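Record features (TrEMBL):
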{"type": "SIGNAL", "residues": "1-19", "note": "signal peptide"}
{"type": "TRANSMEM", "residues": "46-66", "note": "transmembrane segment"}
{"type": "TRANSMEM", "residues": "73-91", "note": "transmembrane segment"}
{"type": "TRANSMEM", "residues": "103-121", "note": "transmembrane segment"}
{"type": "TRANSMEM", "residues": "133-154", "note": "transmembrane segment"}
{"type": "TRANSMEM", "residues": "166-185", "note": "transmembrane segment"}
{"type": "TRANSMEM", "residues": "259-277", "note": "transmembrane segment"}
{"type": "TRANSMEM", "residues": "292-314", "note": "transmembrane segment"}
{"type": "TRANSMEM", "residues": "348-369", "note": "transmembrane segment"}
{"type": "TRANSMEM", "residues": "381-403", "note": "transmembrane segment"}
{"type": "TRANSMEM", "residues": "423-440", "note": "transmembrane segment"}
Amino acid sequence: MEKWFKICLLLCLFGVLKELRPSEPFLTQYLVGPWKNLTTDEVYSEIFPVWTYSYFALLVVVFLVTDFLLYKPVIVFEGICYIMTWCVLIWGQGVAAMQGVEFLYAAATATQIAYSTYIYAQVPLSKFQIVTAYTQAALLTGRCIAGILGQVLVATGLCDYYTLNFISLAFVSAATVVAFFLPSVSQSIYFHRGKPKEDDKALGQRDSPQTCHITDGVHQVTSDDTDSVQSDEWTLASVYRLLWIDFKSSFSNAYMLKWSLWWAFAMCGYFQVLNYIQPLWETVAPSGTTNIYNGAVEALHTFLSALATIAIGYAPVNWSVYGEPIIAVISLFEGAMLYLAGTSNELWVTYVTYMAFCITYSVLITIASSEVAKGLKQESYGLVFGINTFLALFFQTILTLIVADSAGLALEPSDQFKVYGGYYFVLGVVFISMAAYNAGRREN
């Protein structure tokens with residue numbers, strides 16, 4: 001077995017274990033239940049918003065620290081944050097303690113960027129596509145198994161919501177142990193840029209000596225732009241210059257900027273839906289009044305999203321031509337699903353609309369990621385992902401402050417979902433307008 005494959009399998013094992021958190025689909029029920037005795041207003045308006053604000057504050061710092069510390073320590077720290085999250089969740093009491101849970105969870109979420117980029121420092125460029133597929137499949141597998149496990153244990157009465165948290169704690173603890181066995185990294189993109197791997201050099205020579213070319217309407221920048229600043233030694237000036245070069249080359253093209261903006265706005269809405277879907281379910285069907293299938297829904301939409309994502313990878317579509325109208329139509333569809341979820345009093349309707357939303361989002365974010373990646377140097381992808389996520393969290397922070405936080409409108413979950421439906425409707429109208437404008441330009 002080749003070394004890169006062993007490293008990939010070890011990282012995938014970490015990815016599966018850290019996502020095996022069967023208590024997560026039932027978090028709201030746990031918090032408002034007899035174990036914590038919190039009110040729904042405290043959970044929705046005082047506790048859940050902390051995740052958004054903390055994630056936004058931590059992301060930029062974590063991105064740079066991940067590169068500076070050479071990935072592995074940050075992956076280990078991610079596992080430790082998950083352990084601390086579940087320890088406080090199990091044994092902490094009161095609003096302040098649960099706000100601490102949200103902060104620790106945000107720290108773990110922010111450090112996931114290390115998981116996503118660690119493997120690129122360990123394998124040759126020719127293996128990037130396959131290891132990306134493996135590591136993302138590991139996350140989806142873990143989430144799917146967690147959803148099924150949680151649902152089965154709750155439905156059969158083998159575990160209550162409190163006991164599920166101990167199972168989650170055991171799995172994230174096992175993931176942390178695995179993280180310690182990951183090989184250390186000797187170089188990174190910005191702070192510890194070393195000599196390119198031989199395999200990377202060979203692939204890079206295919207584009208030499210030119211610095212850019214056009215592929216399917218996408219302006220792609222090669223590595224020549226940064227040759228002059230590659231060095232075994234780093235200074236703050238050289239790091240700043242590398243960041244600026246990668247930022248400028250990544251966002252100076254209108255096509256990539258368009259996809260990145262949709263990515264940021266859509267991710268903002270997606271994060272908000274994920275954060276408040278459980279409060280909506282609790283509002284529609286309060287705990288104890290009916291059988292709930294949160295775990296099954298999470299497992300099913302994860303599985304279907306994975307299938308849809310694979311299928312779209314084989315779709316023979318010229319996204320530079322048809323991307324805008326498809327984004328527009330699906331954004332309008334997502335808006336309709338969220339608005340319907342906000343107006344329905346039937347739990348099964350909110351389940352179905354949530355799954356439809358998540359599946360279509362997964363398809364579009366896959367397309368957006370692919371289209372953005374076409375125009376990037378490989379080492380710029382982490383930066384662009386970080387910037388797009390930062391923008392998404394910036395927009396989400398504003399949205400949370402207005403509609404969910406106790407300092408803002410503090411809308412009921414059903415009213416919030418009507419707002420989120422309108423948000424995606426506006427996004428769809430914007431892209432319909434762009435599609436019509438560009439179609440007119442092409443005809444002229």
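Any Cβ shown, glycine's included, is placed from N, Cα and C.
Given the structure is predicted, the values throughout are model-derived calculations rather than measurements.
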| query | Quick one: do the transmembrane segment (381-403) and the transmembrane segment (166-185) have at least 3 Cβ pairs under 8 Å, skipping pairs fewer than 6 apart in sequence? | reply | no
| said: At a Cβ cut-off of 8 Å, and with pairs 6 or more apart in sequence only, do we get at least 3 pairs between the transmembrane segment (103-121) and the transmembrane segment (46-66), yes or no? | reply: yes
| said: Under 8 Å for C-beta pairs, could you tell me which stretch among 46-66, 73-91, 166-185, 259-277, 292-314 has the largest tally with the transmembrane segment (348-369)? | reply: 292-314
| message | With CB pairs under 8 Å as the measure, which of the listed stretches 133-154, 166-185, 259-277, 292-314 comes out on top against the transmembrane segment (46-66)? | response | 259-277
| Excluding the flanking five residues on each side, which residues at least 6 beyond the ends of the transmembrane segment (259-277) place their CB within less than 8 Å of a CB in that stretch? | 44, 48, 51-52, 251, 323, 327, 331, 334, 338, 350, 354, 357-358, 361, 364-365, 368-369, 371-372, 384, 387-389, 391-393, 395-396, 399-400, 404, 413, 416-417, 420, 423-424, 427, 431
| Distant-in-sequence neighbours of the transmembrane segment (73-91), which means Cβ under 8 A and at least six residues beyond its ends | 14, 18, 21, 23, 62, 65-66, 97-98, 100-101, 104-105, 107-108, 111-115, 118, 162, 165-166, 168-169, 172-173, 175-176, 179-180, 182
| remark: If one takes Cβ-Cβ under 8 Å and requires six or more residues beyond its ends, the residues near the transmembrane segment (166-185) are 7, 10-11, 13-14, 17-18, 20-24, 70-72, 75-76, 78-80, 82-83, 85-87, 90, 118, 121-122, 146, 149, 153, 159
